[in-house]
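Peer 1: Sharing a structure below in structure tokens format, with a few things to ask.
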């Protein structure tokens with residue numbers, strides 16, 4: 001069950017400077033349902049400008065080539081050409097954003113179900129071809145890993161002023177018809193309806209969707225999506241993945257981040 005609006009204030013932990021403790025304050029964001037089945041929700045103002053700036057600063061030297069889950073572990077392959085990094089859960093702003101993602105999903109989701117937050121950045125021509133966030137290989141959905149990925153957020157952390165392309169496309173979603181989606185610049189409205197839904201990259205906004213079929217818990221193929229190639233500029237996003245069950249303490253170690 002989703003909490004469709006929230007303004008909460010909580011202490012997420014002290015910053016490095018004990019004389020200036022960081023206070024976790026959640027923005028007043030707006031939610032718009034895109035699809036009921038599968039459940040897809042668009043969130044405006046999910047992340048604040050100061051949070052986005054902080055994430056860019058602490059991650060600037062930590063990115064590496066993104067990976068994809070394979071039979072022999074995480075692999076660097078041509079379908080995903082971006083750079084990625086995981087954020088330490090001990091970072092107070094990362095903790096605040098994790099808290100926000102948990103609260104959005106209702107009372108039945110707990111901190112132990114969240115994977116470490118992942119940042120991903122794209123330069124010109126870089127992309128992530130069509131894929132699902134839920135994992136089909138049983139080796140990746142064990143109790144050690146918390147089962148499968150129940151839900152996903154993709155948050156746009158940074159979009160350069162000269163960015164073109166780079167939308168997030170869900171080819172199997174039915175496109176909404178109200179003109180507000182186009183007027184607000186949320187959707188790429190020049191796309192044919194047969195191409196599904198393409199979200200334009202807009203800083204601070206997020207897409208949330210449920211990955212698994214509620215009746216069976218199996219992966220929902222309708223959540224297939226792609227990070228379309230950038231034709232100019234650059235962008236940075238955040239993946240927030242929630243597992244079905246708590247991840248083991250070993251799986252949540254900061255030096256063993258999930259990389260796909």
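Numbering starts at 1 and runs along the chain as it is shown here.
Here the Cβ of each residue, glycine as well, is placed from N, Cα and C on the backbone.
Heads up, here are the entries from TrEMBL:
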- 1-15: signal peptide (SIGNAL)
- 113-244: domain 'Fe2OG dioxygenase' (DOMAIN)
Peer 1: Sort the residues of the domain 'Fe2OG dioxygenase' (113-244) into helix, strand and coil with DSSP and give the three counts.
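Peer 2: Summed over the domain 'Fe2OG dioxygenase' (113-244), the classes give 14 helix, 53 strand, 65 coil.
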Peer 1: State the mean pLDDT for the domain 'Fe2OG dioxygenase' (113-244).
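Peer 2: When the pLDDT values over the domain 'Fe2OG dioxygenase' (113-244) are averaged, the result is 94.
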